[in-house]
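Trainee: One structure coming up, written as structure tokens, with questions to follow.
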Amino acid sequence: MKTDTSTFLAQQIVRLRRRDQIRRLMQRDKTPLAILFMAAVVGTLTGLVGVAFEKTVSWVQNMRIGALVQVADHAFLLWPLAFILSALLAMVGYFLVRKFAPEAGGSGIPEIEGALEELRPVRWWRVLPVKFIGGMGTLGAGMVLGREGPTVQIGGNLGRMVLDVFRMRSAEARHTLLATGAAAGLSAAFNAPLAGILFIIEEMRPQFRYNLISIKAVFTGVIMSSIVFRIFNGEAPIIEVGKLSDAPVNTLWLYLILGIIFGCVGPVFNSLVLRTQDMFQRFHGGEIKKWVLMGGAIGGLCGILGLIEPAAAGGGFNLIPIAAAGNFSVGLLLFIFITRVVTTLLCFSSGAPGGIFAPMLALGTLLGTAFGMAAAVLFPQYHPEAGTFAIAGMGALMAASVRAPLTGIVLVLEMTDNYQLILPMIITCLGATLLAQFLGGKPLYSTILARTLAKQDAEQAAKNQNAPAGENT
């Protein structure tokens, strides 16, 4: 009897000790566990909103194209209607941005970078609806923009929204959930979870506070976002180019040449983006009426362009597989490349809510395919496949422009499911990055953020100067 009692007491003591250990562990790790839970919520919400954004944009595009099909036999109706529909959709996006949330204009990625440094505000209650509806208008109009910028900014703002809902006040939680939402947003846009993680670590490395809690939160958010995306869209790669052949070792030097070409193109492209932004700023001078009319004209132009040459309009996801398959001649590839450079500059630099990743991927594909086809003529003994150069070119322009080679490499490989091309991708992207840096090119998003902060400081200084003397004391 005594033995049974002693055994029972010993078991109770062990249970109490275990409970005490668990309680102390929970108390010690309460904040990290709460952050990880909220990261899962942020990732899930970002995945849901990202999928909804994609589906809504596709629906608007299909409705617009369906209306044009109805009058396809009447040219006197078709051309004006193509202009008017795209112009009206674009004007909705420009008006909402200018009137209610100027920070929702453009890509939105520089805004997230600024918010991570506590230099830009995060007003999720106005950015979320404006970015969603405005992006739906501009992308639905057929403008040369991508959905990755909106989903990254939407994801970051959802992170801040969750933080406010759960009433977390710590700077660590604020920073971590913002970064988690941004990573989940990129993953939701491209079905590329690893690229989403690398994007935060590489592109936002000056702003991202790397520690065990933050990186675990980013992982958690990206996992949830990717699961949601695949539930609705399946597990197939987002860009279907088929399985391409490996790049023989004796052709790798050609990829270095391609990287050098993109190393020259990247800084020039960035410079053109900034110059075009300045041109538009001088034109509208901040007046909402001029800004909206300008946006409508650009949107209408894209609508007309979509009738003349569909490959020259839109984000570019539909163009990439066609171009990579070698269905265009070298001359036509270069013509579409130049045309899309112009339309990308007009659409993105005007401040329309939309990203530039997808247009850059399309530009890289066009130039890479043209290079591959030329290489096949000049070096027939190598039997080069144009599609492999298209894949390498997709990541190279991003590497040279955004200065994120790792993200560019992994993003393209995840999107196309051609992991066997990792070596030529590394060679091309490294060559492009090194030459762009040597030529003095600056990362695009960092430069845009610096200009935004300079404008913010100038506006604040002007406000302080115009304020009554009593308000400044």
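For all residues, glycine too, the Cβ spot is worked out from N, Cα and C.
Straight out of Swiss-Prot:
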- 33-69: transmembrane segment (TRANSMEM)
- 77-100: transmembrane segment (TRANSMEM)
- 106-110: motif 'Selectivity filter part_1' (MOTIF)
- 109-116: intramembrane segment (INTRAMEM)
- 124-141: transmembrane segment (TRANSMEM)
- 146-150: motif 'Selectivity filter part_2' (MOTIF)
- 148-166: transmembrane segment (TRANSMEM)
- 177-189: intramembrane segment (INTRAMEM)
- 193-201: intramembrane segment (INTRAMEM)
- Glu203: site 'Mediates proton transfer from the protein to the inner aqueous phase' (SITE)
- 215-232: transmembrane segment (TRANSMEM)
- 253-281: transmembrane segment (TRANSMEM)
- 288-309: transmembrane segment (TRANSMEM)
- 330-349: transmembrane segment (TRANSMEM)
- 355-376: transmembrane segment (TRANSMEM)
- 355-359: motif 'Selectivity filter part_3' (MOTIF)
- 387-401: intramembrane segment (INTRAMEM)
- 405-416: intramembrane segment (INTRAMEM)
- 417-421: intramembrane segment (INTRAMEM)
- 422-438: transmembrane segment (TRANSMEM)
Trainee: Should anything in the same chain at least six residues away from the transmembrane segment (77-100) have a Cβ under 8 Å from its Cβ atoms, list it; otherwise answer none.
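Mentor: For the transmembrane segment (77-100), the list is 60, 64, 67-68, 71, 126, 130, 133-138, 140-143, 288, 291-304, 306-307, 350-354.
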Trainee: Quick one: give me the count of other CB atoms within 10 A of the CB of Glu203 (site 'Mediates proton transfer from the protein to the inner aqueous phase').
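Mentor: So the Cβ neighbour count for Glu203 (site 'Mediates proton transfer from the protein to the inner aqueous phase') comes to 24.
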Trainee: Would you mind listing the long-range same-chain contacts of the motif 'Selectivity filter part_2' (146-150), meaning Cβ under 8 Å and 6+ residues beyond its ends?
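Mentor: Distal contacts: 53-54, 57, 106-109, 131-132, 135, 139, 185-186, 189-190, 315-316, 353-359, 361.
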Trainee: Residues of the same chain, at least six outside the transmembrane segment (288-309), with any C-beta under 8 angstroms of its C-beta?
Mentor: 64, 68, 78-79, 82-91, 93-95, 98-99, 138, 141-144, 280, 336, 339, 343, 346-347, 350-352
Trainee: By Cβ distance under 8 Å, which residues at least 6 away from the ends of the transmembrane segment (422-438) in the same chain are close to it?
Mentor: 247, 251-252, 255-256, 258-260, 262-264, 266-267, 388, 391-393, 395-397, 399-401, 403, 405, 408-409, 412-413
Trainee: May I ask for the residues of the chain that lie six or more residues beyond the transmembrane segment (253-281) and have a Cβ under 8 Å from a Cβ within it?
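Mentor: Non-local partners: 247, 294, 341, 345-346, 348-351, 356, 363-364, 367-368, 371, 375, 379, 382, 384, 389, 392-393, 396-397, 399-401, 424, 427-436, 438-442, 444, 447-448, 451.
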Trainee: What does the DSSP secondary structure composition of the motif 'Selectivity filter part_3' (355-359) look like, as residue counts for helix, strand and coil?
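Mentor: Within the motif 'Selectivity filter part_3' (355-359) the tally stands at 3 helix, 1 strand, 1 coil.
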Trainee: Give me the DSSP three-state residue breakdown of the motif 'Selectivity filter part_1' (106-110), ordered helix, strand, coil.
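Mentor: Summed by class, the stretch gives 2 helix, 0 strand, 3 coil.
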Trainee: Looking only at the motif 'Selectivity filter part_1' (106-110), what is the model's average confidence as pLDDT?
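Mentor: The average pLDDT of the model in the motif 'Selectivity filter part_1' (106-110) works out to 93.
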Trainee: Applying the under-8 angstroms CB criterion, which one of 124-141, 215-232, 355-376 scores highest with the transmembrane segment (330-349)?
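Mentor: Answer, by Cβ pair count: 355-376.
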Trainee: Which residue counts does DSSP give the motif 'Selectivity filter part_2' (146-150) for helix, strand and coil?
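Mentor: In the motif 'Selectivity filter part_2' (146-150), the DSSP-based counts are 3 helix, 1 strand, 1 coil.
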